[in-house]
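Undergrad: Dumping the structure here so I can ask a few things about it.
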Amino acid sequence: MLFSFNDQLSKNLIPYDFDFNLALFDNDFKVISPELFLVLSTISLLVYGVIGSTSQKKNYPILVSNLAWLAQQAIFFTIILISNNPLTHGVIFYNSLVVDDFTLFFKIVVLCGAFFSILISLDYIKKEGLNLFEFIILILLSTCSMLFLISSLDFISMYLAIEFQSLCFYVMAALKRNSEFSTEAGLKYFLLGAFSSGILLFGCSLIYGFTGVTNFSELGKIFTYFGEPGLRGCELGMIFILVGFLFKLTAVPFHMWAPDVYEGAPTSVTAFFSIAPKVSVLAVFVKLFFSGFYDFMIPWQTVCILSSLASMIWGSLAAMSQNKIKRLLAFSSIGHIGYMLIGICCGTVEGLQALFIYLVIYIVITVNLFAIVLTPLTRDFTHSLQRVKYTTDFAQLGKTNTILAITLTVTMFSIAGIPPLAGFYSKAYLFFAAMSSSQYLLALVGVITSVISCFYYIRIVKIMYFEASSGASYAEQKHRMGQKERRFSHISKSTSIPLGITFFIILFFMIYPSPLYLACHKAALAICL
């Protein structure tokens, strides 16, 4: 394209007063200035943490809280830079990265998810004794890689960003070095993640071998010209890439690592895994398959439909037998990935818009849930602390902390899809988009599995209000413990702020949903047009 432009310019087909600069990366660094700011901020915080925590003069201070607040400021200023960047549309670095309304939307969602992940983890880190400032640095580094992954328009930049974020995740899962469960989670995640990355890379290499290009848009042009029968070999490469993405998204049947990793990793790490990474992977997944492989829609749509059905069914059925809260949330997230795949299977603007709305509401609900799970339990007249590990740990929460119980009740009703809460609207919009695309089976199974999921979501509400711990009545347990009753400790300000914000969104989303609908519609149009 560059040579043809120069030929036209030399033949006077384009006027000389046309403002065009052929300088190398002339405006490219201006476009990615928010990402560069976050990268430089992360490096500065890393240097500050290494030098400050090893200072003998300062008596080796613990800098986790300081770094956490500085990291949140860096993320906040990055959001401001992205929102006010004058260069909002274009392809940069020789078609390696792209910026448009789609990338702007997903970058803001990722940054907000990372911001709230750090915020709800502050109290947990302090009381659990995880005096590792590297946790905050790893969150920032993985967030940087997610921003570049969302902007990727090339197989090379996409794979580098995926590997960068995956390396951070492997270390984060095994961060609690004195816990064998955390070490097992990190090792299992590393082995299976490396396997999935190899499958993804093999698919990319097959596509490059058959076409000679790595750019998503160029692939779309080639497939449009030759058609599906002309490039049968590319279909195999596309299937390998699809399997790699489904593994990253924890979709059935590539979900086997998620429950064990979610349970073994520290709870703050599990919260981050549930909130941020799925956003970036879904973004590049949608971009690749709607711009590069749209002419292969029948094969990848079939795989996505089967995976969506299996994820919804298995996620809802497997979660019914779970007593541990993190495994329950892991299988719940597998089921929600099945719902999100419905929007991709539609192949329409309405389907993508429904997917983006569902994704945002799911992140809001997940932040609220993990903010409660990260709140410590305590007993009266003692100083022992323990974390919420089992669903029965919520017993008598309705009597010991009424406000927290009401918050969790509303959140559970919302994630189950009960009107008029935010979760109901996101699911309804998704099912209507599926029916408008003639995906009646997906909509039917989605409704049925939503009804099934009400069992284990509302069971937690029942435990909070109508059950006593260890199967004893409330009065008997209180007498047996010598007036020492289990209750949640005082909720810190860093946890109460995200709890209040997410509770407000869940409860009052129905009143004014237009801003989110418009933002999602613009993002969907940026992909489809």
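Glycine is treated like the rest: Cβ placed from N, Cα and C.
This is the feature table in TrEMBL:
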{"type": "TRANSMEM", "residues": "31-51", "note": "transmembrane segment"}
{"type": "TRANSMEM", "residues": "63-82", "note": "transmembrane segment"}
{"type": "TRANSMEM", "residues": "132-150", "note": "transmembrane segment"}
{"type": "DOMAIN", "residues": "152-453", "note": "domain 'NADH:quinone oxidoreductase/Mrp antiporter transmembrane'"}
{"type": "TRANSMEM", "residues": "156-175", "note": "transmembrane segment"}
{"type": "TRANSMEM", "residues": "187-210", "note": "transmembrane segment"}
{"type": "TRANSMEM", "residues": "269-290", "note": "transmembrane segment"}
{"type": "TRANSMEM", "residues": "296-317", "note": "transmembrane segment"}
{"type": "TRANSMEM", "residues": "329-349", "note": "transmembrane segment"}
{"type": "TRANSMEM", "residues": "355-377", "note": "transmembrane segment"}
{"type": "TRANSMEM", "residues": "403-425", "note": "transmembrane segment"}
{"type": "TRANSMEM", "residues": "437-458", "note": "transmembrane segment"}
{"type": "TRANSMEM", "residues": "494-512", "note": "transmembrane segment"}
Undergrad: Are there residues at least 6 beyond the ends of the transmembrane segment (403-425) whose Cβ is under 8 Å from a Cβ of it, and what are they?
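TA: For the transmembrane segment (403-425), the sequence-distant neighbours (Cβ-Cβ under 8 Å, at least 6 residues beyond its ends) are 332, 357, 361, 364-365, 368-369, 372, 375, 394, 397, 450, 453-454, 457-458, 460-461, 464-465, 488, 491, 499, 502-503, 505-507, 509-510, 513.
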Undergrad: Answer yes if the transmembrane segment (329-349) and the transmembrane segment (269-290) have at least three CB pairs under 8 Å among residue pairs 6 or more apart in sequence, and no otherwise.
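TA: Yes, the transmembrane segment (329-349) contacts the transmembrane segment (269-290).
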Undergrad: Any contact between the transmembrane segment (269-290) and the transmembrane segment (31-51)? By contact I mean 3+ C-beta pairs closer than 8 Å, pairs at least 6 apart along the chain.
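TA: No, the transmembrane segment (269-290) and the transmembrane segment (31-51) are not in contact.
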Undergrad: Determine which recorded stretch among 132-150, 156-175, 296-317 has the most C-beta pairs below 8 angstroms with the transmembrane segment (187-210).
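TA: The listed stretch sharing the most Cβ pairs with the transmembrane segment (187-210) is 156-175.
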